There are 2 protein chains.
Amino acid sequence: MLSVTDVTRGDTLGDAGEAGVLAEVFAALADQPTAGVLVGPGDDTALVRAPRGSVLATTDTMVRGRDWLDEWSCAEDVGVKVVTQNLADLAAMGGVGTGLLVTLVAPPDLPLAWARGLTEGIAWAAARAGVPVVGGDLSSAPAGTVTVTVAALGELGEGVARPVLRSGARPGEVLAVSGPLGRSGAGWQLLRAGAEASGQGRQGPLQALLDHHRRPLTDLTQGPVAARAGATSMIDVSDGLVRDADRVARASGVVLELDEGSVHSIADALVPVLGQDEAIRQVLSGGEEHELLATFADPAAVPDGWVLLGYAVGTDAPGVRLGGRRLDPSVGGWDHFGG
Amino acid sequence: MLSVTDVTRGDTLGDAGEAGVLAEVFAALADQPTAGVLVGPGDDTALVRAPRGSVLATTDTMVRGRDWLDEWSCAEDVGVKVVTQNLADLAAMGGVGTGLLVTLVAPPDLPLAWARGLTEGIAWAAARAGVPVVGGDLSSAPAGTVTVTVAALGELGEGVARPVLRSGARPGEVLAVSGPLGRSGAGWQLLRAGAEASGQGRQGPLQALLDHHRRPLTDLTQGPVAARAGATSMIDVSDGLVRDADRVARASGVVLELDEGSVHSIADALVPVLGQDEAIRQVLSGGEEHELLATFADPAAVPDGWVLLGYAVGTDAPGVRLGGRRLDPSVGGWDHFGG
């Protein structure tokens, strides 16, 4: 497993210079999978195989102070998380990763050990998914600013004939999710409330929530599994269940009716830690979960391990409902520039 | 041609919210080429055709205060430049663009008009090259920080059988460049010396240098042209001739011997503006030029319009020489974290 780097001592990016930083990065990327890579890092561009004749492409960025706090997350955590975010987007199309581009924008006083830890986190999460880092960029930033951007390339999974869009849900279909919800938001609440931040201390359910907030490790193979099973629409839960379900509902022109019993049942695992109200709030609006939310025409097609969450209803006013009551996606979920 | 936006009035990103900003962005991208796009912006990922069975991938980022100054460059300039940088990397492999991912990281007080201008610059430069924007990300940043990151997908140009790497130069081959050098660096020197910054005033050679610094518009179709003509190695001049030639020399294991007459001849166009010494310095070390530098086994194969610049020599100590004297790539060229 990944370590936690001590970044309080040693060289900075400025001490090492661009070539020195790149040498560290390449060292951390030495043992990558290379089967699909025709040209890897170090030339003007990478060249990656696309045997299916098409390429999935997405990008997701993390900003220090916005998407992570150094007090709560080490460099390795950030690396794991930014890779998971990107690969979850590919999974939500029924895809798998084929290559990553990584951009670090950081001030010269950033510890070199932090950049190394970031790269190790990225390499670890990428290798876990069998995806190579094929290129990237490095740029200096104003003091205090650190941003990590990953662009992910992918292809449709084996046996997946077409991408699963947000727009394919139809009235009468069932809605299901690939795993629990609210864990990352619960972990964030725990950290905010002063739970231990070292990652070494407490074990058990609390630690699992902290871990999922820091290093979400969902089973992204469930994306292609769901696609092969006939998922008609899919999205990963990155901004909260209601907010992401609302995107599917609007793209598809349906209401997604959440089942109260299902929501309470998912929340049960969080109740001992958060209490009833906050547990339900985190299930409905906690972001960065990265489980997959999908609709299926046939309830029997829902893959093993997925949890039924509700169903799609025809409507003139697309959106999300819980127990017949319409939920406002702007409450709770994350808006980068909103209140 | 693109306008220069007045960003001193009106809404900010924070006023508009994430959905409002995205609405502006999508409006500016309404008239894009879509032939190769199977799934465009708005779903979890894009899906782009890759009929050749492989995909070129690269990324390049620009940081306010490092890669541009608001006093000298408007939002449209930044958009054009970041696209050109990425497409030049594809061209240097013998490739053409098939899709762009754009990430804007900016504080809530950034004028919405700036984000719109950026998108218009990106859309303009992308459309000029026939490349669609297929996705992106938007994130808030600490006050004062603005970064723009583009990841570019591409494929080898028509009739190009394999990518042109940096490592293919062999002793006895000729070195050539697709156009003038030193213009962007000269433009930067002019701005630093207080030349008009509005972009509306002076015409003629000075203006052309300022324009090339702000909006480099090289003929990137020359990448596939050179590849078809048999280029054995290629790179785009982004960090300065000596620095980029040094990368080719080291990857190939040769000395690239620059011809003094050729260097002086390229510098001649800059002498009236910069004087002799500074003109030669900018030709050798001025970055952000984005002309293509390539080697060819046969001098007769060098494409029309390219300028012969020297030749490759066998060696135990790869590097760049001018008039028999070894040039230090670390002098003059750009190091993101160096002195």
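Just so it is clear, glycine is given a Cβ too, placed from its N, Cα and C backbone atoms.
Site annotation for Mg(2+) 4 in TrEMBL covers B:D44, B:D89, and the matching candidate from B:T58, B:T59, B:T103 is B:T58. Taking the binding-site residues B:T58, B:S238 in turn and counting surrounding C-beta atoms within 10 angstroms, the largest count is reached at B:T58. DSSP assigns B:T58 (Mg(2+) 4 binding site) to a strand. As a whole-number mean, the pLDDT of the domain 'PurM-like N-terminal' (B:42-155) in this prediction is 96. Long-range Cβ neighbours of B:D67 (substrate binding site) (same chain, at least 6 residues apart, Cβ-Cβ under 8 Å): B:T61, B:K81. Mapped onto three states, the DSSP output places B:G136 (ATP binding site) in strand. When the domain 'PurM-like C-terminal' (B:170-266) is classified with DSSP, helix, strand and coil residues number 46 helix, 15 strand, 36 coil. Ranked by Cα separation from B:D44 (Mg(2+) 4 binding site), the binding-site residues B:T59, B:D137, B:D239, B:E288 are led by B:D137.
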